[in-house]
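J.: What follows is a single structure, and I will ask about it in a moment.
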Protein chains: 2
Amino acid sequence: MNPTQWFTEKVPEAESAFSLKFKQKLHEEQSDYQFIEIYETEGFGNLMVIDGCTMLSTRDNFFYHEMMSHPVLYTHADPKRIWIIGGGDCGTLKEVLKHPSVEQAVQIDIDERVTRLSEIYFPELCESNHDPRAALKFIDGIKWVKEAKPNSVDIIIVDSTDPVGPAEGLFSEAFYRDCYNCLSENGMVVQQSESPLYHMKLISEMRKAMSAASFGHLQTLFFPQCLYPSGWWSTTIAGKVDLTHFREQDSANKSFDTAYYNVDIHKASLAQPEFFKKAFASK
Amino acid sequence: MNPTQWFTEKVPEAESAFSLKFKQKLHEEQSDYQFIEIYETEGFGNLMVIDGCTMLSTRDNFFYHEMMSHPVLYTHADPKRIWIIGGGDCGTLKEVLKHPSVEQAVQIDIDERVTRLSEIYFPELCESNHDPRAALKFIDGIKWVKEAKPNSVDIIIVDSTDPVGPAEGLFSEAFYRDCYNCLSENGMVVQQSESPLYHMKLISEMRKAMSAASFGHLQTLFFPQCLYPSGWWSTTIAGKVDLTHFREQDSANKSFDTAYYNVDIHKASLAQPEFFKKAFASK
């Protein structure tokens, strides 16, 4: 392959790599926090890359954004106040605001440049940025959560990069404890938990840290995500209350469009592969 | 990347590529039918490549082999006679023979070299090759099915390469009609149907061809498969009888080990993504 035509992300933990052919590099910049690149690819629309890792593409971001939003919102009995920590591309915000119960959705990403570039290169994800229920803050999400008052929020969605660089603190017991403290009594936090094929150690550590932070109920969900290492991804929900049931009827009657999510997919995402079940059998 | 250290499969239909770093190339040969390579990779164990396309790796073949076998076998009321068309690596055969109801499993792959190389480089997949219920034939599967008598077999598993080269005829209405004619009255055929993200056209054509060949019931199943294009794969079952229910209790009480499949995963694999549901809504 001619490397001048291909963007390649290497995945050291699997000694694998995923590449997309591009027509042109549309933009690159070093923000205050990270190195951001935007490519126009041949097959995946536009592609955002942060510090060398693929973040999202026009073609396949719907899996991730829908699965970060709809399962946890339909698991909560009455989600009104939502915070998105990270999520600067605004795709999660857009999905969250599809829920009529939501009264306030605050996106807190430390790097304003991610949002400004998303407005240019992924305008379809930013369609709801001016919804009167939406607020965009460009500050440190860890500090925001630490300083928040009890009962400030119903659901915290941690839509972050991998646990290196600015996002590292988002994968810690201290952060989950701060989440616990500002969530309402039946509150939930959901976080992307990487690949079940490559990152079982991370999933295990995340679950332990969430439990140690007093969350009594955990649920890991599985879904395809072509662009991310292994093509298979997960999110983990930590709840103060039982997560066994979700608002199935509401999900079945959802009033908005999706590309991947529906009530059957919600149930399916909860199915634990045999190796996963065995790994957590005694935990 | 130094191309001498990496095996790369390009996926023209998505302008993407997947690469695995390898320690060494263990073998290559031009058989009578195809070009076969075996690599020792850094992160995926051994890798078999046919005509430039990844076929299987030690690390992640379990998804594919389990999902080609267990769902269809648990959907059939009493599967005794199984044919595997293709499947020369013997991984599907091994999974099929885990079912106590199976009395006879015949693997029919045109290329004996695939099996001989699998015996050397994927010995764990060949563990059941000497099961008294197993038969390995190295002949043309299309001809075998065409010449078979009515009511010869309960399930036909088409475990083939992509629909180019020697496998092309396995994706045709004529082939499915021959399957129909030799299957027992509640018989089923299952075939790998590629990526739901990249190959909706192929899935659609396959389903049309299966219907045209008199199969009244179709079911497409979804599962992760890291090594294959997009990391997300599907199989499609065509049945003479209703496929809505499977032997859930038998699956829940299965007497054998798996790495991915279990009764919850079976149900989950049947969930249709929203875009898939819409595509086939009126068909």
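Glycine is treated like the rest: Cβ placed from N, Cα and C.
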J.: Per TrEMBL, what member of B:Asp32, B:Asp89, B:Asp131 joins B:His65, B:Asp159, B:Ser160, B:Thr161, B:Asp162 in binding spermidine at one site?
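T.: Among B:Asp32, B:Asp89, B:Asp131, only B:Asp89 appears alongside B:His65, B:Asp159, B:Ser160, B:Thr161, B:Asp162 as spermidine-binding in TrEMBL.
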J.: Do you know the mean pLDDT across the domain 'PABS' (B:4-240)?
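T.: Summarising the domain 'PABS' (B:4-240) by its mean pLDDT gives 96.
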J.: Among all the protein chains here, how many other CB atoms are within 10 A of the CB of B:Asp109 (S-methyl-5'-thioadenosine binding site)?
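T.: I count 27 other Cβ atoms within 10 Å of it.
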J.: What is the separation, in Å, between the Cα atoms of B:Asp159 (spermidine binding site) and B:Asp109 (S-methyl-5'-thioadenosine binding site)?
T.: 9
J.: Report, in whole Å, the straight Cα-to-Cα distance of B:Gly141 (S-methyl-5'-thioadenosine binding site) from B:Asp162 (spermidine binding site).
T.: 15
J.: With H, G and I counted as helix, E and B as strand and the rest as coil, say where DSSP puts B:Asp140 (S-methyl-5'-thioadenosine binding site).
T.: coil
J.: Taking Cα-Cα distance, which of the binding-site residues B:Gln34, B:Asp140, B:Gly141 are within 10 Å of B:Asp89 (spermidine binding site)?
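T.: Near B:Asp89 (spermidine binding site), where near means Cα within 10 Å, there are no binding-site residues at all.
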